[in-house]
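Participant: Annotations per Swiss-Prot:
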- 66-92: repeat 'HEAT-like PBS-type 1' (REPEAT)
- His68, Glu69, His101, Glu102: Fe cation 1 binding site (BINDING)
- 99-125: repeat 'HEAT-like PBS-type 2' (REPEAT)
- 188-217: repeat 'HEAT-like PBS-type 3' (REPEAT)
- 221-247: repeat 'HEAT-like PBS-type 4' (REPEAT)
- His223, Glu224, His256, Glu257: Fe cation 2 binding site (BINDING)
- 254-280: repeat 'HEAT-like PBS-type 5' (REPEAT)
Amino acid sequence: MESAEVAASSTFGPTPEMEKFLCDLLLDTAQPIAERFRALFSLRNLHGDGPRCALLQAARDSSNLLAHEAAFALGQMQDAEAIPALEAVLKDLSLHPIVRHEAAEALGAIGLEKSIPLLEESLAADPAVEVQETCELALRRIEQQKNAGVSESTTISPFLSVDPALPAKQGLSVHQLREILLNEQESMYERYAALFALRNDSRDAAVSAIVAALGAKSALLKHEVAYVLGQLQNKAASDALSTVLKNVDEHPMVRHEAAEALGSIADQESIALLEEFAKDPEPIVSQSCEVALSMLEYERSGKSFEFLFLQTPGVQQES
């Protein structure tokens, strides 16, 4: 085994061998889903043909959870070279709606006008409401950034995520933002904008408003609400998120985000619930719980869930 001193003296950054190791692990269907997610979370920090090709291949994986996360990663990376393959994913109605939705969101995150025709086509023709709503968001995001001339520096989230909507304009009160978020007649983009403004506020009243949105009609909005609550890691949301995870009639994309959010909050009740629903018959839910529990185990043991690039593949478990 390589010593810590030797590893520490290595040049920081992935070697070609490390990159190949991560790509192979991501695409190895014989590996546990949590290990494949470790590779995915590591590859999203890289750029170039190898990581892009592996993530695009993973976007058509038999695991819908992994496939949608791969598409999400490409959007967060804002890799324009991935656009043709992401467009092909969006058009492929044989793929799960959660994967098509994430491809549409990724196109919006990359934000190039050449994606507009397909997003408009899918908005009109895709049979899944959650995909239609995502296309609406992506189109509005591209349009708003173009018209406002928004620079990248002004759109970076304090949570380091590329969000599907820009936060609502400053000056609105938490009460006003709550009303917009909970208004079923309001456009999806404006509700998302209110959501991200409330997240950035993050005070108790803002968190309460976000939690209330878990009762919305739109599965797409509810899944983003759960995602945001995971970013905030506020224990005040635990009971509401637990209720969502337990509801087998809820859309899998919402339950999956609730599971991941509970993993971020990580109190004892949340962990027990994740262990219970790691046996859920819906793979999107059970695999989410499995990944969340694995991440918590690494955190407890003081190890990194992501692979450390200054190490060789053979010593990753010793990080």
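Just so it is clear, glycine is given a Cβ too, placed from its N, Cα and C backbone atoms.
Context for these features, please: burial, neighbours, distances.
Facilitator: Residues 26, 33, 36-37, 40, 43-44, 47, 52, 55-56, 58-60, 98-112, 114-115, 118-119, 122, 126, 131, 161-162, 287 of the same chain lie 6 or more positions beyond the ends of the repeat 'HEAT-like PBS-type 1' (66-92) yet place their CB under 8 Å from a CB of it.
Glu102 (Fe cation 1 binding site): 29 other CB atoms within 10 A of its CB, across all protein chains.
Sequence-distant contacts of the repeat 'HEAT-like PBS-type 2' (99-125) (same chain, at least 6 residues past either end, Cβ-Cβ under 8 Å): 59-60, 64, 67-69, 71-72, 74-76, 78-80, 82-83, 86-87, 89-93, 131-132, 134-139, 141-142, 145-146, 162, 164, 220, 253.
Residues in the repeat 'HEAT-like PBS-type 3' (188-217) partition by DSSP class (helix H, G, I; strand E, B; coil) as 26 helix, 0 strand, 4 coil.
Residues of the repeat 'HEAT-like PBS-type 4' (221-247) grouped by DSSP class, helix first, strand second and coil last, total 24 helix, 0 strand, 3 coil.
Mean pLDDT of the predicted structure over the repeat 'HEAT-like PBS-type 5' (254-280): 97.
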Participant: Residue list, the repeat 'HEAT-like PBS-type 3' (188-217) vs rest of chain: Cβ under 8 Å, 6 or more residues beyond ends.
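Facilitator: Apart from its flanks, the repeat 'HEAT-like PBS-type 3' (188-217) reaches 133, 136-137, 140-141, 157-159, 163-168, 170, 172, 174, 177-178, 180-182, 224-226, 228-229, 231-232, 234, 236-237, 240-241, 243-244.
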Participant: If you count CB neighbours within 10 Å, which one among the binding-site residues His223, His256 has the smallest count?
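Facilitator: The binding-site residues His223, His256 were compared, and His223 has the fewest Cβ atoms within 10 Å.
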Participant: When the number of other CB atoms within 10 A of each residue's CB is tallied over all shown chains, which of the binding-site residues His68, His101 has the maximum?
Facilitator: His101
Participant: Rounded to an integer, what is the Cα-Cα distance in Å between Glu102 (Fe cation 1 binding site) and Glu224 (Fe cation 2 binding site)?
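Facilitator: It is 12 Å, counting Cα to Cα.
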Participant: Using a 10 Å radius around its CB, how many other CB atoms surround Glu224 (Fe cation 2 binding site)?
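Facilitator: Excluding its own Cβ, Glu224 (Fe cation 2 binding site) sees 29 Cβ atoms within 10 Å.
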